[in-house]
Amino acid sequence: MGRRWGSPALQRFPVLVLLLLLQVCGRRCDEAAPCQPGFAAETFSFSVPQDSVAAGRELGRVSFAACSGRPWAVYVPTDTRFKVNGDGVVSTKRPLTLYGRKISFTIYAQDAMGKRHSARVTVGRHRHRRHHHNHHLQDTTPAVLTFPKHDPGFLRRQKRDWVIPPISCLENHRGPYPMRLVQIKSNKDKESKVYYSITGQGADSPPVGIFIIERETGWLEVTEQLDREKIDRYTLLSHAVSASGQPVEDPMEIIITVMDQNDNKPVFIKEVFVGYIEENAKPGTSVMTVNATDADDAVNTDNGIVSYSIVSQQPPRPHPQMFTIDPAKGIISVLGTGLDRETTPNYTLIVQATDQEGKGLSNTATAIIEVTDANDNIPIFNPTMYEGVVEENKPGTEVARLTVTDQDAPGSPAWQAVYHIKSGNLDGAFSIITDPSTNNGILKTAKGLDYETKSRYDLVVTVENKVPLSVPITLSTASVLVTVLDVNEPPVFVPPIKRVGVPEDLPVGQQVTSYTAQDPDRDMRQKITYRMGSDPAGWLYIHPENGIVTATQPLDRESVHAINSTYKAIILAVDNGIPDTTGTGTLLLLLQDVNDNGPTPEPRSFEICSRQPEKQILSIVDKDLPPHTYPFKAALEHGSSNNWTVEIRGQDELAMGLKKELEPGEYNIFVKLTDSQGKAQVTQVKAQVCECEGTAKNCERRSYIVGGLGVPAILGILGGILALLILLLLLLLFARRRKVEKEPLLPPEDDMRDNVYNYDEEGGGEEDQDYDLSQLHRGLDARPEVIRNDVAPPLMAAPQYRPRPANPDEIGNFIDENLKAADTDPTAPPYDSLLVFDYEGGGSEATSLSSLNSSASDQDQDYDYLNEWGNRFKKLAELYGGGEDDE
């Protein structure tokens with residue numbers, strides 16, 4: 001047995017077991033090690049390259065273990081100018097200036113048990129500056145970046161504390177390319193084959209291919225020159241996978257910072273800057289600000305920090321350094337005294353901007369400074385005495401123009417004049433303004449002047465500039481004499497608006513009031529006459545001499561011309577000046593109400609059902625005013641109460657209803673309403689009775705029926721009217737059927753005597769045989785308006801008669817043609833119904849027709865022409881034409 005234990009195999013076995021137990025115990029002890037909450041350090045220091053720190057600038061990171069199982073914590077800084085993210089990154093909340101000093105503050109955080117921990121943070125400027133011209137920072141970049149370990153006992157703590165330092169790469173590096181930056185390695189590369197790759201901007205995202213990684217070795221390389229002004233920072237993710245493509249590490253973030261090189265010179269925002277400064281300005285007065293920008297880094301380096309300086313000044317008088325410039329801000333200000341616009345109106349400066357705080361690249365621009373005029377010369381009146389004449393009652397009239405001279409620059413505020421009336425301007429009667437083109441003062445009347453009140457004004461005017469004088473000097477003054485001219489002014493009513501109370505029942509012709517005007521021109525002693533200018537209703541008359549107003553018609557408060565019981569009339573007053581003028585006054589008659597209107601119902605028609613009707617409510621309207629209105633009384637007139645009822649409801653309502661059922665139709669109801677003073681009014685209201693029950697809807701209109709009469713009475717009235725019409729018709733027919741006895745056209749044959757019978761005396765004798773035939777009338781032809789009523793109207797066309805000729809020689813043809821037309825007229829009666837004769841003189845002394853012949857016998861008389869005169873002269877032709885045959 002001793003040999004067994006003494007064998008080498010048995011001797012090594014306990015040692016192996018012991019080592020295994022120690023390893024297991026060590027791991028268990030490590031796993032069971034408790035988490036220690038708190039900050040990784042008591043103090044943290046962060047540095048910045050310059051005093052000015054921009055808002056949002058990340059300063060660094062603090063490390064804190066909360067032992068809560070979360071990879072983040074809540075941090076509270078005591079300085080509100082800073083903030084701390086959940087991952088411990090400290091940054092500025094707003095722009096910050098250090099002024100060469102350090103800022104310290106405390107950060108608090110709580111662990112999982114609620115215990116409060118603190119750490120001190122200090123922020124200061126890093127004095128050692130590097131300009132980064134051509135050297136690079138490869139030696140500051142770690143040669144190898146290893147993926148974080150993932151051991152179970154340290155996974156959580158290592159993930160929280162692992163900070164990958166940024167990789168720096170200088171822009172514009174000459175290479176050679178590709179150039180290695182850093183090597184990425186995984187702890188698993190000893191266990192199995194690991195392949196590396198990168199993703200992100202510059203790798204597989206635009207710009208693609210700037211960064212590459214060797215697949216097997218993990219070397220990260222840059223393939224071309226970088227430009228910080230385009231992209232100053234690249235963020236990549238590195239990946240490690242096995243030969244089968246399975247990830248062996250979590251992706252690791254890699255930040256590549258492009259370091260600045262001073263490859264950009266400052267650029268002014270303008271090539272020429274223009275500024276203005278007043279002459280005699282004191283040293284230190286700001287003139288203008290020039291500004292230049294630099295694309296290089298001004299945060300971590302001095303490459304973008306610009307410094308300003310003045311290279312030259314033209315002209316160099318009164319000395320070559322009249323201005324200075326702030327190197328940091330570019331503010332140009334006055335350095336010396338003696339600026340004079342009259343000698344040197346402007347200066348030209350060459351301004352230079354240099355980066356690296358004045359030690360690097362530079363650029364220039366031009367600054368032109370205009371010296372403006374200062375108010376060192378007062379305006380002076382030339383001349384100092386003025387006179388003006390203006391008519392009264394003309395506001396805005398120019399009185400005079402005041403001229404001044406000023407030695408300052410024309411158009412400048414130091415030259416522009418401002419005028420003031422110092423004295424004599426009673427009640428603000430005048431105003432003065434400045435002519436902007438000539439700088440003269442224009443004196444005007446601010447309101448109408450009154451000659452009778454004041455006929456002369458003595459004004460004192462002063463002048464100054466818009467800007468105050470640079471030195472105390474007495475102001476220049478001028479005197480203005482203004483004379484007011486008298487003009488004929490219109491009469492003025494006193495008061496201009498007169499209110500008069502008058503009852504509306506004022507008798508016609510009675511005086512309403514007296515409304516007179518006064519003439520402002522007392523010295524002219526003019527006569528004033530009055531007349532109505534506006535009298536819409538024509539109610540008034542004004543006496544032209546004394547202005548007494550009387551009523552020409554009854555006044556009516558309820559008229560449309562009386563608004564709110566007020567009647568407005570315009571009265572005119574005219575003087576007899578040359579030219580005459582007219583004044584206007586307003587007369588307001590406050591009409592006092594009288595009880596002249598009876599109450600009436602509204603509306604004056606309604607519809608109602610014949611069965612079980614609802615009462616109709618009408619409004620009572622009284623145009624008068626209280627107490628000439630309610631309470632009202634209502635009654636029915638002219639028999640309307642037989643069928644209808646009426647009653648007063650409330651203050652001004654009238655309820656109407658049916659007393660009994662009526663036939664459908666339209667009825668007239670006579671309603672009498674009486675007001676509280678006994679004024680009554682009977683009004684006819686139309687009611688449409690409908691064949692319905694209850695409320696009347698879509699009422700069909702029937703025949704018109706008087707409110708107090710029934711159907712039998714109406715039928716009786718209509719029957720009487722019809723009988724009267726029949727009687728009148730019978731009388732007319734009887735009158736037309738009476739026979740008219742006609743007298744014979746000619747006397748019987750046995751009634752013939754020696755002389756012509758039944759001829760009217762036509763007058764005239766031998767002395768009347770010579771007369772003008774043109775003076776004869778043409779009977780009915782000359783009287784076309786005369787209508788024949790002894791025959792029936794013809795059914796055929798009437799004959800055409802020839803008009804009387806103008807030549808007397810054609811009178812024979814005229815008579816023959818018209819006789820023939822009359823004989824052939826079928827509508828002519830056997831005798832003329834109307835003969836019109838001209839007066840031919842006195843009565844004839846001849847006792848018989850035989851005396852017409854001068855010879856003793858009628859043998860030389862030829863009566864044959866009587867046979868040619870037609871049927872009307874046939875009997876006469878037989879009497880005188882047949883004598884020879886008888887013998």
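These residue numbers are counts, starting from 1, taken along the chain as shown.
A Cβ is built for glycine as well, from the same backbone N, Cα and C atoms used for every other residue.
Checking the candidates Asn291, Asn853 against Swiss-Prot, the annotation N-linked glycosylation site falls on Asn291. Between the listed ranges 589-614, 745-770, Swiss-Prot ties the annotation region 'Disordered' to 745-770.
Model confidence over the topological domain 'Extracellular' (161-714) stands at 86, taken as the mean pLDDT rounded to a whole number. Summarised by DSSP class, the composition of the domain 'Cadherin 4' (494-599) is 3 helix, 50 strand, 53 coil.
Sorted by the number of other CB atoms within 10 A, the glycosylation sites Asn291, Asn346, Asn564, Asn643 start with Asn564, the lowest. According to its DSSP assignment, Asn346 (N-linked glycosylation site) is in a strand.
On a Cα basis, Asn346 (N-linked glycosylation site) lies 21 Å away from Asn291 (N-linked glycosylation site). Under DSSP, Asp263 (Ca(2+) 2 binding site) is assigned to coil, being neither helix nor strand in the three-state scheme. DSSP assigns Asn291 (N-linked glycosylation site) to coil in the three-state reduction, outside any helix or strand. Here the CA atom of Asp263 (Ca(2+) 2 binding site) lies 91 Å from the CA atom of Asn564 (N-linked glycosylation site). Note: Asp263 (Ca(2+) 2 binding site) has non-local neighbours Glu171, Asn172, Asp296, i.e. same-chain residues 6+ apart with C-beta under 8 A of its own C-beta.
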